[in-house]
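Q: First the structure, which I've put down as structure tokens, then a few questions once you've had a look.
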Amino acid sequence: MTTPNKGNKALKVSGEAGLGVCWAGHSYSALTPCAVPLQVKREPGENGTSLTDEELVTMSVRELNQHLRGLSKEEIIQLKQRRRTLKNRGYAASCRVKRVTQKEELEKQKAELQQEVEKLASENASMKLELDALRSKYEALQNFARTVARSPVAPARGPLAAGLGPLVPGKVAATSVITIVKSKTDARS
């Protein structure tokens, strides 16, 4: 199957897979950018030999100069111009491929970074909640300590009073502190 393209040149594409071959011999599909494949074009050279587009692009300057011997100045200019055009197409194609590849890589990195930012934001939010809970407990303990420090010392009465001794500010049972902290935290929730 042959498909027309720019410059009235033909593009050879295999019928089933839609695959083609670029000027440098790389295969491509309609989904991946590559240089526009060119119809094989032959230029007469020294002793009636001819060059394909691929040969013209891939040969060294020394080989090209040997091939150009015996051609008219106009033919030399035309052949060199065609070589330059073909090379530029190849450079443009590889640049397009590189740009698409870089874009895909950057989009992948962006998605990874967005996931990381979301994860860090979630961790930050949970740490803020934990910090608020700890702050509430701290404030409750401070308030309780102030209350105990301000309350007057009352003499102990009753049958167990002799064994307990007087109440001293600052000495409070641990269970009452925990109860106060829990009740303050539960009230705020």
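Cβ atoms here come from the backbone N, Cα and C positions, even for glycine.
Found this in Swiss-Prot, in case it helps:
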| type | residues | note |
| --- | --- | --- |
| CROSSLNK | Lys41 | SUMO cross-link |
| CROSSLNK | Lys41 | SUMO2 cross-link |
| DOMAIN | 78-141 | domain 'bZIP' |
| REGION | 80-103 | region 'Basic motif' |
| MOD_RES | Lys80 | N6-acetyllysine |
| MOD_RES | Lys87 | N6-acetyllysine |
| MOD_RES | Lys98 | N6-acetyllysine |
| MOD_RES | Lys103 | N6-acetyllysine |
| REGION | 106-120 | region 'Leucine-zipper' |
| MOD_RES | Ser151 | phosphoserine |
Q: State the Cα to Cα distance, in Å, between Lys98 (N6-acetyllysine) and Lys80 (N6-acetyllysine), rounded to an integer.
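A: Each residue's Cα considered, Lys98 (N6-acetyllysine) and Lys80 (N6-acetyllysine) end up 27 Å apart.
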Q: How many other Cβ atoms sit within 10 Å of the Cβ of Lys103 (N6-acetyllysine)?
A: 10
Q: Return only the integer: C-alpha distance in Å from Lys80 (N6-acetyllysine) to Lys87 (N6-acetyllysine).
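A: Here the two Cα atoms are 10 Å apart.
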Q: With DSSP as the yardstick, break the region 'Basic motif' (80-103) down into helix, strand and coil residue counts.
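A: For the region 'Basic motif' (80-103), the helix, strand and coil counts are 24 helix, 0 strand, 0 coil.
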Q: Looking only at C-alpha atoms, tell me how far Ser151 (phosphoserine) is from Lys103 (N6-acetyllysine), rounded to the nearest Å.
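A: Roughly 71 Å, rounded to the nearest whole number.
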Q: Compute the C-alpha separation of Lys103 (N6-acetyllysine) from Lys87 (N6-acetyllysine), stating it in Å without decimals.
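A: Their Cα atoms are separated by 24 Å.
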Q: What kind of secondary structure is Ser151 (phosphoserine) part of, going by DSSP in three states?
A: coil
Q: Would you report the average pLDDT that the model assigns to the region 'Basic motif' (80-103)?
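A: PLDDT averaged over the stretch: 96.
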